[in-house]
Every structure is written in structure tokens, then in C-alpha cells.
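Here's the structure we're looking at; comments come further down.
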Amino acid sequence: MEPVDPRLEPWKHPGSQPKTACTNCYCKKCCFHCQVCFITKALGISYGRKKRRQRRRAHQNSQTHQASLSKQPTSQPRGDPTGPKE
């Protein structure tokens, strides 16, 4: 390995940056383009903010759905119906 000039900043070291820009392509060649491409494309690791998923909006007939819920029979109490034994 060649010695690197200590006066150079780390991002200017030879081989630290690829000669071509990164692309959005996911082919094998582009996945191994540079370390960043390998981590994000090949391994699928990204530390960016996750987009929030929008909730599904209630339909216009939500009132009829609520009405049908009230017509359902009430659930039976669980446990021993006679009460606790001593």
C-alpha cells in the first residue's frame, strides 16, 4: 500500500472517491461502485428518515358501520359465574 501524503485531507486521498458519480441503478456493477453504493444498494442499509405512512381515511358510510357495531351481542363475562370460592 502506498504511503499517503499526511497533508491531504482524508476525503482527498487517492481512491477515496470513485471517478464516476453514483447512480440509482441496482445492477451488480453499480452495487459495487463504491462503499456507499455497496452499503445502501447491496446491503439495503439506509439511515435516512423513514417516511410516515398515511392512515386510511374513513369512508363516508362510517356511521352505518358504527350502528352495526351496536347491534352485536354483548360478550359474556369470563371466569366462574358463581363467584370466587373460599
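Including glycine, each Cβ sits where the backbone N, Cα and C put it.
Taken from Swiss-Prot, the feature compositional bias 'Basic residues' applies to 48-59. For Lys71, the entry in Swiss-Prot reads ubiquitin cross-link. Residues or ranges marked as N6-acetyllysine by Swiss-Prot: Lys28, Lys50, Lys51. The annotation asymmetric dimethylarginine is assigned in Swiss-Prot to Arg52, Arg53 on the grounds of experimental evidence. Taken from Swiss-Prot, the feature region 'Transactivation' applies to 1-48, supported by sequence analysis. What Swiss-Prot lists as region 'Interaction with human CREBBP' is 1-24, and the listing cites sequence analysis. Residues or ranges marked as region 'Cysteine-rich' in Swiss-Prot (evidence: sequence analysis): 22-37. Per Swiss-Prot, region 'Core' is recorded for 38-48, and the stated evidence type is sequence analysis. Taken from Swiss-Prot, the feature region 'Disordered' covers 48-86. Under the heading region 'Interaction with the host capping enzyme RNGTT', Swiss-Prot lists 49-86. The site 'Essential for Tat translocation through the endosomal membrane' feature in Swiss-Prot is assigned to Trp11; the stated evidence is sequence analysis.
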Where does the mean pLDDT land for the region 'Core' (38-48)?
85
Quick check on the region 'Core' (38-48): DSSP residue counts for helix, strand, coil, in that order please.
5 helix, 0 strand, 6 coil
Between the Cα atoms of Arg53 (asymmetric dimethylarginine) and Lys28 (N6-acetyllysine), what distance do you get, rounded to the nearest Å?
30
By DSSP assignment, list the helix, strand and coil residue numbers for the region 'Interaction with human CREBBP' (1-24), in that order.
3 helix, 0 strand, 21 coil
CB contacts for Trp11 (site 'Essential for Tat translocation through the endosomal membrane') [other CB atoms within 10 A, all chains]:
7
How long is the line from the C-alpha of Lys51 (N6-acetyllysine) to the C-alpha of Trp11 (site 'Essential for Tat translocation through the endosomal membrane'), rounded to the nearest angstrom?
30
Provide the three-state secondary structure of Arg53 (asymmetric dimethylarginine) computed with DSSP.
coil
Roughly how many Å lie between the Cα atoms of Trp11 (site 'Essential for Tat translocation through the endosomal membrane') and Arg52 (asymmetric dimethylarginine), rounded to a whole value?
34
